[in-house]
Structure formats: C-alpha cells, structure tokens
Amino acid sequence: MSIEFNPELFLDVVFSLLLVLNIAGNYLVIYIIYKKQRTSTDYLLLNLALSDMLFGVLIVPKFFKNTIIKRTDNIFENVWMCLLFKKGTLPYTAILSCISTMMAVTLERYFAICHPHSFKKWFSTRRVKMAIVICWLLAIAYYIPYYIKAKCRDVDYEIAQVYSLLSMILAVLELVFLIILSTKIYVSLWLKPTGIHPSASQRELEERKLKKKVTRCVLAVVGSFVLSYIPFFTIQALSKYHILSDNNLFGFSPKKLIDLFLAINAAVDPYLYAFQNTRLRGFLRKLLLCGKTANGQQE
C-alpha cells in the first residue's frame, strides 16, 4: 500500500511547525529585550520580532484558506474581514514593517561602525522610536489604495499588476541597499586596520568587541532576510506574469511557497538574535534557569 504525497498537506505541516517556532522564539526575544535596559539596536530588534510574530499569526487564515479555513468560509463573508485576513493584507503590512525596520537597523549599524561621531545625534532613543512609528505608517499607507479599490472575491487585475511591479522595484532597491551597507560594515569592522593603538585601554578593546558581536547579529539577520526574500520575489514575479501556474512548481502552489519563505524568515530571525547576541543569550539562560546561576545559586 503506497502513501500518496500531498504537497499542500506537506506545506501545511511545515508552516504549522514554523508558526510554533515563530511565536516561541519571537515572544522570548520581545520578553528578554523588554526586561533589560534597551539600546537603539534593541528597540529596532524588538520591532522586528513583533513584526515577525504578527506576520506568523496573521497569515494563518490566508495560508490555510484552501484547507481548514475553507470549512468556515462564512467568517470571511464580510468584505473587510476577507481583505484584511484571507487576502493577506494585514500580514503583508507586518512584512512591510519588518522590511523597513530591517533597513533601519542596518543603517543604524552602519552609522555605529562607519560614522561613530554622528551616531548618537541620528540614533537617539527618541529618533529610533519615531523611526519605528514611521515604519508602521509607511507599511499601512502602502496598502491604502488596495483597501479602497480592491475587491475580495474578484481580483482586480490592474491593481494586482501595479502592486506586483512596484513590489519588485522596491525589492531590488531594498536588497541593493542592504547588501551595500552590510558590505561597508563588514569591510570597516573586519578588513580595515582597527585604528586602535596597541596601548589602547581595555575599555576601548571591549567596546570594539561588543560592536563586532552586535553587528554580527544584525548581519546574520540581514543575510537570512536576503536569502529568504530573493526566492520570495522571484516566485512572486513568475507567478504574477503567469510563467508559473497554480501548481507548476513540483506540485506546490507558488502562492503558498511565497508565504512559506516569509514564514521561514520570520521563524529563523529570533534564533539568530539569540545565538549571535551574547547579551540575549545571557538573559535567555538566566530566564530558563529562573534567575539561578550555573551553580544553582539564586542571584
């Protein structure tokens, strides 16, 4: 008796596992950063974790619309419920916030490493909080025409093509921006002479070491983002221009694969923070040990 492989069911199982990893990991990152003294980088990583977790939760109705949600389709009879959840407008708003925040955190690291003298001026706590608000406002504003013109049941071909073209242009610009800044950061921090005198104080050496650790965390997140979003936008473009049919990619639905790549990135990010950032690892260890030290003594 042979078991027939069901691509859609397989994707549903993988997505469910990613959802669990997403919520668990991002919740821990949000909790840990919230409990400790926060730097400008921490505020941006906090918003990144929040955006990732919101995407993971809000994409559920769209991802499962042909399986679980199909049985309760009456929930989405309301046009706004359908547009916001079933068509994925809300989760994609969270993704846009995530992309904007990713660009902001890369820019923050660029100034911290390459222009340290002007860093505090441009990345004060107040300015970073304002930048986070702007990230969300831009994400919401991007979809306003979609709210106004688009319909739930019938796809508006014109607006779909406009959004597809605009998304691809923005994606290329974003990737170029991230790759250029990340390269500059890497060259400045690891390849250029340190500029630190041999007699430099222990404090200066520790500061540079900390910069490397924080930057390594950010570069890992950016790398994950680039690797996830290149196939995302490639599949999206091929699907929109009908180069790929609904089940043309090894039996998988391109639309589901698009969301799956986003889900992978959202689930992986918090674990990259934890493994790359010493302070986050320390707080996580402390949290798991319920405030006890390695010797079992209460702090």
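In case you wondered, yes, glycine gets a Cβ from its N, Cα and C as well.
Just so it is clear, the model here is predicted, and its values are computed rather than measured.
As written in TrEMBL, here are the features:
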type: DOMAIN; residues: 25-273; note: domain 'G-protein coupled receptors family 1 profile'
type: TRANSMEM; residues: 13-34; note: transmembrane segment
type: TRANSMEM; residues: 43-64; note: transmembrane segment
type: TRANSMEM; residues: 89-107; note: transmembrane segment
type: TRANSMEM; residues: 128-148; note: transmembrane segment
type: TRANSMEM; residues: 160-181; note: transmembrane segment
type: TRANSMEM; residues: 217-237; note: transmembrane segment
type: TRANSMEM; residues: 257-275; note: transmembrane segment
Tertiary contacts of the transmembrane segment (13-34) (same chain, 6+ residues out, Cβ under 8 Å): 42, 45-46, 49-50, 52-53, 56-57, 60, 63, 259-260, 263-264, 266-267, 269-271, 273-274, 280, 283-284, 287
Interface present between the transmembrane segment (128-148) and the transmembrane segment (217-237) (three or more C-beta pairs under 8 A): no
Tertiary contacts of the transmembrane segment (257-275), as residues 6+ beyond its ends and Cβ separation under 8 Å: 11, 14-15, 18-19, 21-22, 25-26, 28-29, 45, 48-49, 52-53, 55-56, 59, 62-63, 88, 95, 98, 217, 220-221, 224-225, 228-229, 231-232, 235-236, 239, 249, 281, 284
Contact set, same chain, for the transmembrane segment (160-181): CB under 8 Å, 6 or more residues outside the stretch: 99, 102-103, 106-107, 109-110, 146, 222, 225-226, 229-230, 233, 236-237, 240-241
Sequence-remote partners of the transmembrane segment (43-64) [C-beta within less than 8 Å, at least six residues beyond its ends]: 12, 15, 18-19, 22-23, 26-27, 29-30, 33-34, 76, 85-88, 90-91, 94-95, 97-98, 101-102, 104-105, 108, 125, 128-129, 131-132, 135, 221, 256, 259, 262-263, 265-267, 269-270, 273
Mean of pLDDT values spanning the domain 'G-protein coupled receptors family 1 profile' (25-273): 78
